[in-house]
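These notes are about the structure you will find just below.
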Amino acid sequence: MAKLTPWQLLATGLLVFLFQSVLLQNQVDNKCRNMECGENALCMNVSGNFSCSCKIGYWKKSNQKKTFLNSSENDCDFCDIYETETRSCKKGYKTCSGDPDSCCVDSCQHENCGKYALCIKDCGDVLCECKPGFHLPNGGREFKSINENNCEDIDECNGSYCDATAHCYNSEGNYSCYCPEGYFQYSNAVQEDKTKIKCKEFNFPMPSWNDCSDEQSFLCNITTQLGNLFGSLPNVSSQMDSKKHLRETLDTLDNLLNLMEAENKEQSHQVASKVMQVMETWLRMFAFALPNGTTTIKSKAGTELAMEIRTADNTSQDLAQLWLNETQLEVSWEAASKTEEGPSVVGLLSYQNLGCILTNADIEGSDWEQIGKSKQLMEEPGKPNYKVLSKVASAFVGHNETAALSSNITVTFNHPKPELKPDLKVICAFWKPTNRGGHWSQEGCVRLNSSTANRTYCRCKHMTSFAVLMAFYDIEDWTLSVITKVGLVVSLICLFFSILTFLFCRAIQGIRTTIHFHLCLSLFAAHVIFLCTGISRNTTACVVIAGLLHYSFLCVFCWMLLEGVQLYVMVVQVFNTHSLKHWHIFLVGYGFPAVLVGISAAINSKGYSSRNCWLSRERGFLWSFLGPVSFIIMVNAVVFLITVWRLSEKFADINPDLTKLKKQRVLTITAIAQLCILGITWIFGLFQFSNQTLVLSYLFTILNSLQGLFIFVLHCVLKKQVRDDYYRWLCQGRRGKTQSSDKYSEFSSTSGSNTLRSPKTLKESGM
């Protein structure tokens, strides 16, 4: 027999192994082929034991054994309890054998797992599980039989189920979180199938008013009601409560604003400013109690509120747009998302009846400056003529850094179509609070060219309370303007001839003529500067003109005061040999006004307004002119009354040949002369406060614009010495110097004799 090599032995062994494997597999296949498992079942070989089991997706109804040996024991049935839409098992069934598309029926209906537990089916195996809110001592939840049931309550209050600032209450199988006193609930976050409550401290600055005297009782009462209204936020416990509370707040706010309409201007503006400021701050905080998305609320009276809220991680570069019936707002989420805590908020509050309360407020801005300059002779400073055309709307975001936003906002107003007139201008304005209430301003806001007759688009660099204003002119202003300009031109001509007369007429030279001369000179300069205010449009030039007007008119009144002092000395102290010195009158006439203007400018350098080339009303700066003027008018009025009284007593002694009628006529002329030269007619200007004083406006304009004419007629034309000089000058032009000189000598002799016969008092008093 031949000896086999190692390689031949290895090949022979492999062939024997493969033959045995094939033979064994055939035996297994023949065994399973011979077994009758029945429908929906398979033959299985487990460690040499052959049996049948249900296919995946089927289950054995008897549940006694998972396997069987022949088809007679086959009760495999299809699991038809599958939710196709949700791809999950129906309630009471579980996934079988890891196949997500197969579900097996729960056979726990006859199984009792004990207290705080539920029976579950795991593909034929019965298991028990602790109910939600319970667990086993080891932290697990599943066990096999009631004998192993040790389910106990989970104390959620020992965990982090509630916010750190919230209080926790544990109950059997459950728990609840609630906010402590001084906190309110906001935002929801899901954690382990529980709603995690967050609490925010209610640190809202409650409005208060320190002065509760009788004069301030209205402000105190309104502030108290605002405190009660805004202090109820911690009582809001759900999102449904928050919307209801918002609606009730707007209704109460409308009632408070209705009460403000009957109050005076300053108090109403103070309360309105406080209401708008407090309302914006309160709504920023109230946003924490609202759900994400847009919330729109409308009160019974028509006040509307829209707020859109997004979580901090849900903001983008797009625009936030809020739409109300008559107001719309567009602002970028980038500008609104600067809050370190809580959601991003954009809000728009449209007040139904706030516009009528703010109608009488002052206004400042570039557009109004142009309107004011074109009617500066008639429009009283700080008293604009306008109407609030739209609703007042407050725009706000979740933070208070809104003075300079990263991007502009656009507020759109739908308003009634105004009557088209050349003297009407529609402007965008916002409410600017101050210590004394507030005023309208145009700073940082422009009206877009895309605006129409009944829709205005306002683009602003900041956020506050906005409105559309309709500014217009008064028809009466044009008439007064014409009277003023014509009167001033006539007065300037007469003042020019008066200055020449007092300068060159030797027959009337004296201390009183010197005062007349400088009064006319100051009044001439004041009128010229006043006419320049209607020409200048440069801001710096306008401020300079305002300062020159202040000085020149103070000079005019100081010379009027000197007129009164000189008249008093002549009429009352007839035998007093002392008279005013020249350096005295120059010091009072020019020095005192210079000192007063210098002090005023040093105290308030911005007091000279560039809006109308006159003094500003801010900080009472206008009283630097009205104070001295009122004092001078009062002193000269007393002097005037004394002069008329003394002259009426002395008429019989002065000229007994005059008849009674002629005495009355001379006295009347003298009185009118003193009224004009003492400036008492300016008193009409101190009583022009409203449209009801239109008659005083006309009296003031006519009398004072023609003051130069009155001075020229009464103190030049009606004086015989002046007429003689006029005649002499005319004769010099016609007949030559020689004849004029003889005539002048004759007139001078006559005048001298008349002067000796007439008392000094009568001559100097203007008769």
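Just so you know, glycine gets a Cβ as well, placed from its N, Cα and C.
Not measured: the values here are computed from a predicted model.
What TrEMBL lists as signal peptide is 1-24.
Positions annotated as domain 'EGF-like' by TrEMBL: 153-190. Across the residues of the domain 'EGF-like' (153-190), the predicted structure has a mean pLDDT of 76.
According to TrEMBL, the feature coiled coil maps to 243-270.
Marked as transmembrane segment by TrEMBL: 486-505 (among others).
As annotated by TrEMBL, transmembrane segment applies to 517-536 (among others).
Feature annotation from TrEMBL assigns transmembrane segment to 548-571 (among others).
According to TrEMBL, the transmembrane segment annotation covers 583-603 (among others).
According to TrEMBL, the transmembrane segment annotation covers 623-645 (among others).
TrEMBL lists 666-689 (among others) with the feature transmembrane segment.
The transmembrane segment annotation in TrEMBL covers 695-718 (among others).
Residues annotated as region 'Disordered' in TrEMBL: 738-767.
The compositional bias 'Polar residues' annotation in TrEMBL covers 738-758.
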So if I exclude everything within five residues of the ends of the transmembrane segment (486-505), which remaining residues of that chain have a CB under 8 angstroms from its CBs? That is, six or more out.
513-514, 516-517, 520-521, 523-524, 527-528, 530-531, 701-702, 705-709, 711-713, 715-716, 721-722, 725
May I ask whether the transmembrane segment (583-603) has at least three C-beta pairs under 8 Å with the transmembrane segment (695-718), counting pairs 6 or more apart in sequence?
no
The transmembrane segment (548-571) touching the transmembrane segment (623-645) per 3+ Cβ pairs under 8 Å rule:
yes
Positions on the same chain near the transmembrane segment (583-603), where near means CB under 8 A and six or more residues out:
511, 514-515, 518, 522, 547, 550-551, 554-555, 558-559, 561-562, 621, 624, 628
Secondary structure tally of the domain 'EGF-like' (153-190) (DSSP, helix then strand then coil):
3 helix, 19 strand, 16 coil
